[in-house]
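Quick notes on the structure that follows.
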């Protein structure tokens with residue numbers, strides 16, 4: 001959520017920045033709403049003051065033994081006008097808030113202006129894609145040959161875009177998540193958290209999934225519990241519960257940065273992606289991810305973005321998977337992001353790089369929604385924190401990359417060196 005003071009006092013500058021990311025801000029509507037809000041604010045304050053004055057006059061008249069009925073009727077009439085003005089002001093303020101919640105974050109000045117992924121800028125590459133002297137198989141064929149990926153069973157159990165993993169493939173999937181968590185907690189300084197996979201609507205508003213992206217979520221309403229508290233949604237990413245841990249909190253400055261990580265399943269309806277990536281593990285309704293979140297002081301957040309992205313890169317480097325780092329343009333960034341790097345891993349069967357991590361600085365956009373603040377240790381004033389998040393990594397897509405990049409001519413998969421301690425020393429699977 002953008003700073004309301006910016007929307008009031010720097011509207012043209014805000015509109016220009018939003019236009020860079022293809023968002024047209026209706027400046028005239030906002031101006032009209034703000035003018036009407038000021039009028040109603042003055043009107044309610046004036047009516048309140050007048051009613052208070054008349055109420056005092058009633059007391060004085062009563063003490064003098066005068067007839068107070070005319071004054072009482074006047075106070076009642078003022079009260080009705082005040083209630084009507086307050087109701088109109090509340091309605092208008094809700095409309096202003098709803099509009100503010102629909103406005104995306106402002107892009108940082110370092111973000112390239114563009115319309116879509118074609119305008120993203122490649123920052124760097126790491127590793128060289130391997131040359132094969134045999135026909136490369138995709139991860140679906142390799143997983144099925146190993147008896148470890150069963151999409152038909154998942155269709156029977158649930159439906160499309162789900163998978164059942166078995167045996168050595170399931171073990172490698174588990175090994176990847178354990179390796180990632182150990183790296184982030186032991187080497188990168190993150191605190192591991194176990195979080196709920198179901199969250200309430202306040203949590204989803206806090207990180208920006210609601211109200212705009214409700215159709216992307218799986219919503220639940222238990223039949224046995226008819227109450228407001230039973231309107232939960234499955235998390236689309238651990239960013240949601242991890243970041244909301246600081247909602248309505250005031251942190252001490254010395255506790256920052258706060259670095260959190262969690263391994264969770266993630267659930268997405270994939271609305272609007274019909275027909276895309278229908279084969280395999282690339283785009284699933286349920287997938288595992290190790291998420292990283294940082295809560296920082298405003299002046300530290302851009303450096304934290306570089307650090308957090310580097311932590312995701314380290315996973316790929318230790319797995320020896322070729323990848324490239326891409327700076328997203330204004331038209332390709334997520335709703336709440338001020339600046340985003342994507343990491344794209346090389347997939348031999350597709351002969352291209354595919355996204356495996358997205359690392360974003362959300363600036364104070366989420367913090368304002370959550371009222372997440374810290375207390376400055378010098379002046380003891382409270383300020384909004386900055387929030388950052390990144391995949392470290394998407395476990396299923398990392399499994400895809402390992403299967404394809406480490407495949408052998410006979411269909412076996414070589415186990416990356418860093419995973420062998422998690423797999424009982426196995427050198428090959430399949």
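Glycine residues also receive a Cβ, built from the backbone N, Cα and C atoms like all the rest.
Source: prediction; values computed, not measured.
What Swiss-Prot says about this one:
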- 237, 238, 239, 291, 391: L-serine binding site (BINDING)
- 268, 269, 270, 355, 356, 357, 358: ATP binding site (BINDING)
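Recorded residues residue 268 (ATP binding site) and residue 238 (L-serine binding site) have their alpha carbons 12 Å apart, per Cα-Cα distance. Look at residue 239 (L-serine binding site): DSSP puts it in a helix. By the criterion of other Cβ atoms within 10 Å of the residue's own Cβ, the least surrounded of the binding-site residues 237, 269, 357, 358, 391 is 269. Cβ atoms within 8 Å of the centroid of the Cβ atoms of 237, 238, 239, 291, 391 (the L-serine site) belong to the same-chain residues 240, 242, 262, 264, 266, 289, 290, 292, 293, 389, 390, site residues excluded. Sequence-distant neighbours of residue 238 (L-serine binding site) (same chain, 6+ residues apart, CB-CB distance under 8 A): 195, 262, 263, 264, 266, 289, 291, 293. Within 10 Å of the C-beta of residue 355 (ATP binding site) we count 15 further C-beta atoms, all protein chains included.
When the C-alpha distances from residue 355 (ATP binding site) to the binding-site residues 237, 239, 391 are tabulated, the minimum falls on 391.
With all protein chains in the displayed structure included, the most crowded Cβ environment within 10 Å among the binding-site residues 239, 356 is that of 239.
Listed in sequence order, 161, 216, 283, 285 are the same-chain residues six or more apart from residue 270 (ATP binding site) with CB atoms under 8 A from its CB.
Among the binding-site residues listed here, namely 237, 239, 391, 237 has its C-alpha nearest to that of residue 269 (ATP binding site).
Counting every protein chain shown, the Cβ of residue 291 (L-serine binding site) has 29 other Cβ atoms within 10 Å. You'll find the Cα of residue 357 (ATP binding site) roughly 5 Å from the Cα of residue 391 (L-serine binding site).
Calculated from their C-alpha atoms, the gap between residue 237 (L-serine binding site) and residue 356 (ATP binding site) amounts to 14 Å.
Residue 268 (ATP binding site) is surrounded by 20 other CB atoms, counting those within 10 A of its CB over all protein chains shown.
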